[in-house]
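**Q** One structure, as C-alpha cells, below. Some questions next.
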Amino acid sequence: MNDLRAVAPLDPGALRLAPKVLLHDHLDGGLRPATVLDLAHEVGYGDLPADDAESLARWFRESADSGSLVRYLETFTHTVAVMQTAAALARVARECAEDLADDGVVYAEVRFAPEQHLTAGLSLDEVVEAVLDGFAEGVAAAADAGRTIVMRCLVTAMRHAARSREIAELAVRFRHRGVVGFDIAGAEAGYPPSRHLDAFEYMRANNAPFTIHAGEAFGLPSIHEAISFCGTDRLGHGVRVIDDISLPAGSDLAAHTFAGAELGDVANYVRDKRIPLELCPSSNVQTGAVASIADHPFNVLARLRFRVTVNTDNRLMSDTSMSKEFITLHDQFGYGWADFERFTVNAMKSAFVHFDERLALIDDVIKPGYAVLIG
Ligand SMILES: O=c1[nH]cnc2c1ncn2[C@H]1C[C@H](O)[C@@H](CO)O1
Ligand SMILES: [Zn+2]
C-alpha cells in the first residue's frame with residue numbers, strides 16, 4: 001500500500017499547530033505592548049519608558065536582558081501599575097488566553113500575585129475574580145476563532161513580603177473556580193522558601209498542590225529547601241539542579257547521552273520522585289541563571305530523563321511564546337516532534353488539574369495532535 005504519511009517540517013506554522021502545555025507563565029509578564037500603552041492612558045499612568053508599542057516592546061526586552069533577576073524584576077513595576085482595576089485585569093487575562101490559544105497552547109496555568117493588584121481598592125478575591133472572568137472571555141473568544149484552550153490559574157505570593165499564608169488560603173478558597181495551585185516568586189537570594197513554611201503547610205493540610213520558584217538566581221540550597229522542608233510538587237525553574245550533577249570532563253551539552261554522569265542526593269531525589277522542572281530557557285539567559293542557550297542544561301536534564309517541561313515565564317520581557325521556545329530548543333539541541341511530544345506529555349502529567357482531566361487531554365488532544373505531525 002502507498003504510505004502517504006510524512007513527517008511535517010518543523011517550521012513556525014507547524015509548531016503553531018502542535019498542541020502545547022504551559023505550566024509557568026506570569027500574567028503580569030505577558031501583556032501585549034499595545035495594551036500596556038492603552039491601559040496606562042486609561043488610568044493616567046505617566047511613567048512608561050516609551051510611547052509607542054514597538055519601542056516599548058524593545059525596552060522590556062532589553063531591560064530584562066540584564067543578567068540579574070533583581071533588575072529583570074524591576075520591569076514589572078510598569079505592568080503591575082496598569083493592572084489595578086477589575087476591567088484592566090480582565091482585559092489582560094482575556095488577551096492572555098487568546099494569545100496562548102493562537103499559539104497552539106491547549107492547557108495553561110497562568111500565575112500572578114494578587115497582593116500586587118490592590119492599590120486601587122480591589123480585594124484579593126475581587127482581583128482573582130476579575131482574572132478568572134477574563135480567562136473565561138478569552139477561552140470563549142478563542143473557541144469562536146476555532147481554538148480550544150483550558151485556562152487555569154495559580155496564585156503567587158511575593159517571597160519578600162509576608163502575605164503567603166493569606167494567598168495560600170485564597171488558592172484553597174478558589175480551588176473549585178479555576179485556581180489550581182499556589183506559588184512563591186520574586187527575588188530569590190535572601191528570601192529562602194522556608195520563610196513561607198506555614199503557607200506550604202496550609203496547602204498540604206488541604207491536599208492542595210503548589211510550586212516554588214527555586215534554583216534560578218540562587219543555587220542548590222534553595223532547591224533543597226523547596227523539596228525537603230517545604231514539600232513542593234514542582235520546581236519553578238529548578239535549573240540549578242545541574243550544580244548537583246557532574247559530567248565527564250569535556251562533555252558536549254548537546255550530546256544524545258550522558259553516560260558517566262554522576263548525580264548527588266538532591267538531583268537524584270528530584271529525578272527519582274519525578275519532580276517536574278518548569279524550565280524557561282529564554283528567561284534563564286536574561287536573568288543570568290545560565291550564560292547562553294548553548295550553556296543551558298535543558299538537554300542534559302532531558303537526556304538524563306528528568307521530568308523537564310518547556311515554559312515561557314514572561315512572554316513580554318523575553319519577547320517569546322511557546323512556539324519560539326520550541327524553535328530555540330530545536331535549533332540548539334536538534335529536537336524533533338517526538339521530543340516535543342514527550343515534553344508536552346511531561347507537562348500535562350505535571351499539571352495541577354485532576355488526573356482524569358490530565359489523561360483526557362493527553363489521550364484526546366496531545367497524542368492525536370502529534371500523531372498528525374509525526375505522520
Ligand atoms: O522568573 C521569575 N523569578 C522570580 N520571580 C518572577 C519571575 N518572573 C516573574 N516574577 C515575579 C514578578 C511578578 O510581578 C510576580 C508575579 O507574577 O512574579
Ligand atoms: Zn517565573
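Glycine is treated like the rest: Cβ placed from N, Cα and C.
Okay, so TrEMBL annotates it like this:
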{"type": "ACT_SITE", "residues": "GLU216", "note": "active site, proton donor"}
{"type": "BINDING", "residues": "HIS24, HIS26, HIS213, ASP313", "note": "Zn(2+) binding site"}
{"type": "BINDING", "residues": "HIS26, ASP28, GLY186", "note": "substrate binding site"}
{"type": "DOMAIN", "residues": "19-367", "note": "domain 'Adenosine deaminase'"}
**Q** If the Zn(2+) site is taken as the center of the Cβ atoms of HIS24, HIS26, HIS213, ASP313, which further residues of that chain fall within 8 Å of it by their Cβ?
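**A** Apart from HIS24, HIS26, HIS213, ASP313, the close residues are ASP25, GLY29, ARG111, ALA185, GLY236, HIS237, GLU278, CYS280, SER283, ASN311, ASN314.
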**Q** Cβ-Cβ under 8 Å from ASP28 (substrate binding site), same chain, 6 or more residues apart: which ones?
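**A** ASP28 (substrate binding site) has long-range Cβ partners PHE76, THR79, VAL80, MET83, VAL92, PHE112, ALA113, GLN116.
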**Q** Given a separation of at least six residues and a C-beta threshold under 8 Å, show me what packs close to HIS26 (Zn(2+) binding site) in the same chain.
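**A** The list for HIS26 (Zn(2+) binding site) reads VAL110, ARG111, PHE112, THR156, ALA185, ASP313, ASN314, given in order along the sequence.
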**Q** Reported as an integer number of Å, what is the Cα distance between HIS213 (Zn(2+) binding site) and GLY186 (substrate binding site)?
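**A** Rounded to the nearest whole number, the Cα-Cα distance is 8 Å.
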**Q** According to DSSP, collapsed to three classes, what secondary structure does ASP28 (substrate binding site) have?
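**A** Once the DSSP labels are grouped into three classes, ASP28 (substrate binding site) ends up as helix.
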**Q** So what's the mean pLDDT when you look at the domain 'Adenosine deaminase' (19-367)?
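**A** Value for the domain 'Adenosine deaminase' (19-367), mean pLDDT as a whole number: 96.
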**Q** Rank the recorded positions GLU216, ASP313 by how many other Cβ atoms lie within 10 Å of each Cβ and give me the one with the fewest.
**A** GLU216
**Q** Reported as an integer number of Å, what is the Cα distance between the residue listed as 'active site, proton donor' and GLY186 (substrate binding site)?
**A** 11
**Q** Have a look around HIS24 (Zn(2+) binding site) and count the other CB atoms within 10 A of its CB, chains all included.
**A** 30
**Q** Between the Cα atoms of HIS24 (Zn(2+) binding site) and GLY186 (substrate binding site), find the distance and write it as a whole number of Å.
**A** 14
**Q** Which recorded positions of ASP28, GLY186, GLU216 contact ligand 2 in the sense of C-beta under 6 Å?
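**A** Within range of ligand 2: none.
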**Q** Tell me, by DSSP, whether HIS213 (Zn(2+) binding site) is helix, strand or coil?
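**A** The residue in question, HIS213 (Zn(2+) binding site), is strand (DSSP, three-state).
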